[in-house]
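Asker: Could you have a look at this structure, given as structure tokens, before my questions?
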Amino acid sequence: MGASVRLLRAVLMGPPGSGKRTVALRITKGFQLKTFSSGDLLRDNLLRDTEIGVLAKVFMEQGKLIPDDIMTRLTLHQLKTFTQESWLLCGFPRTLPQAEALERAYQIHLVMSLNVPSEVIKQRLSARWIHPSSGRVYNLEFNPPKAIGLDDLTGEPLVQREDDRPETLNQRLKAYEDQTKPVLEYYREKGVLETFSGTKTDQIWPCVRAFLQTKVPQIDQKASVTP
């Protein structure tokens, strides 16, 4: 079988707060897939106050999705570094134009969508706090910091992301509903969409893992442990 057949091009989708990051990390640990997060790339630009980062911050503070041309340029540029590996793209595409631009560059073989109720997401994100410089994420309900309001490793103050605040979050969820549902339909028509529903990541993950076991090689955990 040729390299072009072995290389899997996959996408992980879901509304903000649906657990995409956690699921992507578990996939990376268990399967031979390189995970690439457009959100991480965007946050890096925000922290470095790049031109794109400054522009993106305006949209995020208003609860709006980042314009298609910005996210597409960022994402496709980064994907060029993953030429010889299977990859999982997390958080992109979010709109139909982004999906079409991605399809022109790569054939997408698999799209996994996380379906989590909006009320669960609102409750989850209201308890989420982050360490800005590292991106470490805490949740007051199930992953609290050792000291309230402080990062475990540095002791620096934690902050709540502007787009996790209730008024902004409502706008983000509405934007996702309006702009991303056509993307799901786009991939459903292509026959590559698989949806996983639940209220907790630990409930969804076993289904994702079982499904991926039929699609991509797993990492040999014993072989990966250094004596």
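Numbering starts at 1 and runs along the chain as displayed.
Each residue, glycine too, has its Cβ placed from N, Cα and C.
Quick paste of what TrEMBL says about this protein:
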{"type": "REGION", "residues": "37-66", "note": "region 'NMPbind'"}
{"type": "BINDING", "residues": "S38, R43, K64, L65, I66, G91, F92, P93, R94, Q98, R161, R172", "note": "AMP binding site"}
{"type": "REGION", "residues": "127-164", "note": "region 'LID'"}
{"type": "BINDING", "residues": "R128, V137, Y138, T201", "note": "GTP binding site"}
{"type": "DOMAIN", "residues": "128-163", "note": "domain 'Adenylate kinase active site lid'"}
Asker: Which residue counts does DSSP give the region 'NMPbind' (37-66) for helix, strand and coil?
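Answerer: Across the region 'NMPbind' (37-66), DSSP assigns the residues as follows: 21 helix, 1 strand, 8 coil.
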Asker: Expressed to the nearest Å, what is the distance separating S38 (AMP binding site) and T201 (GTP binding site) at their Cα atoms?
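Answerer: Rounded to the nearest whole number, the Cα-Cα distance is 20 Å.
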Asker: Restricting to the same chain and to sequence separations of six or more, state which residues have a Cβ under 8 Å from that of T201 (GTP binding site).
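Answerer: In sequence order, G19, T22, V23 meet the Cβ cut-off.
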Asker: Highest CB neighbour count within 10 A among the binding-site residues I66, V137?
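Answerer: Result of the Cβ crowding comparison: I66.
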Asker: Work out, from DSSP, the number of helix, strand and coil residues along the region 'LID' (127-164).
Answerer: 3 helix, 10 strand, 25 coil
Asker: If you count, for each of the binding-site residues R94, R161, the other Cβ atoms lying within 10 Å of its Cβ, which residue has the minimum?
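Answerer: Comparing Cβ neighbour counts within 10 Å for the binding-site residues R94, R161 gives R161.
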Asker: For F92 (AMP binding site) and V137 (GTP binding site), determine the Cα separation and express it in whole Å.
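Answerer: Cα to Cα, F92 (AMP binding site) and V137 (GTP binding site) are separated by 20 Å.
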